[in-house]
Amino acid sequence: MPAVVSAVLHAALGVLIPSANLLVIIVICQLKKKRPSRNYVFILNLAAADLLVGMMCIGDALDDATDALFDTNLFLCLLRISLSITPCIGSILTLLLVSLDRYLAVKLPLHYPTLMSKKPIIFSLVVLWIISFLVGHMAIISSQLRQSNFAGPCRILTAAKSDYLYLICFGIFVPALLILVSLHISVGRIAYLQHRQIQRIYLREDTFIAHLRHFKALRTVLIVIICFILFWGPYYVSAIVKAACNSCSISPVLRDFLFVLGETNSLINPFVYSLYSKDIRTQFIKLMKCKGREQIKPFRSVDLAVIHFNIEDQSDLTSGRPT
């Protein structure tokens, strides 16, 4: 697509994506104060990863507006690509952790508090971002993955070799998706068996509500995963085809459109959580109502009394009467 159109789209995403995910982060932080939940930590991490994707859209907009900035320097080009890919890897690995969290909550409810305590959660998030950083910046770390005859434009296959793309796709993307599908098939089977048990035996109301909350949360995660596949899948498939087939050519317009489509996924996730997560939706509505009340603050009787008192004092001063 034309550079001006691409720059405008990236600039719009650079504003919308951080704004939407920042709202989600604020809402989740408020929810954690009211009702601490380990699951909120992973959703918060996903929102942070999506926020970073939106920040990288600003760099993409600069690249589209000033082609000479990244098209003439291999290191700057690889740095921009690495910074764009790293939060995307963080997003899909966070989806993997969220799905694993839901699986353990349904499969092993008695051992879940121990398995998902504070230390394992922090350790898993640290490992997640270390892997995301190393894989995302592997083209900078390893000289064997860089192109030796870089002449622009700044694209993943012009700056890095096809092995770098294979590492991302077959080392992260494909295995993570296979594990996600397997986890959801297993949880779906567990949900079916538990539903039949609920119909046969007596179950306490609070236990039923807890199971229902787990399955609703899992439904939201499933929708997020489907959106991730729909938005990022075409770009990765086209990139793999291009890397595997030297004679195949992909239109630059189509390539840029697919990449923008993938980045748009980071704008969709906040809306998915707002629409399908009752807790987040309710807290978001409360946040908006509080903002509206702060903007339109009604007069109170105390305020009127103060105004009346000040008027009387002012009249006494002008008339010369002692106060």
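Here the Cβ of each residue, glycine as well, is placed from N, Cα and C on the backbone.
Fair warning: this is a prediction, and the values are worked out from it, not measured in the lab.
According to TrEMBL, the protein carries these features:
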- 20-273: domain 'G-protein coupled receptors family 1 profile' (DOMAIN)
- 6-28: transmembrane segment (TRANSMEM)
- 40-61: transmembrane segment (TRANSMEM)
- 81-100: transmembrane segment (TRANSMEM)
- 121-144: transmembrane segment (TRANSMEM)
- 164-187: transmembrane segment (TRANSMEM)
- 217-237: transmembrane segment (TRANSMEM)
- 257-276: transmembrane segment (TRANSMEM)
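Listed by sequence, the residues of this chain that lie at least six past the ends of the transmembrane segment (81-100) yet keep a Cβ under 8 A from its Cβ atoms are 39, 42-43, 45-46, 49-50, 52-53, 56, 59-60, 124-125, 128-129, 131-133, 135-137, 139-140, 154, 156, 159-160, 168, 172-173, 176-177, 179-180, 183-184, 218, 221, 224-225, 228, 232, 262, 265-266. Simply put, out of 6-28, 164-187, 257-276, 6-28 has the most Cβ pairs sitting under 8 Å from the transmembrane segment (40-61). Counting only same-chain residues 6+ beyond the ends of the transmembrane segment (257-276), those with a CB under 8 A from a CB of the stretch are 1, 6, 9-10, 13, 16-17, 20-21, 23-24, 43, 46-47, 49-51, 53-54, 57, 60, 88, 91, 216, 219-220, 223-224, 227-228, 231-232, 234-235, 238, 284.
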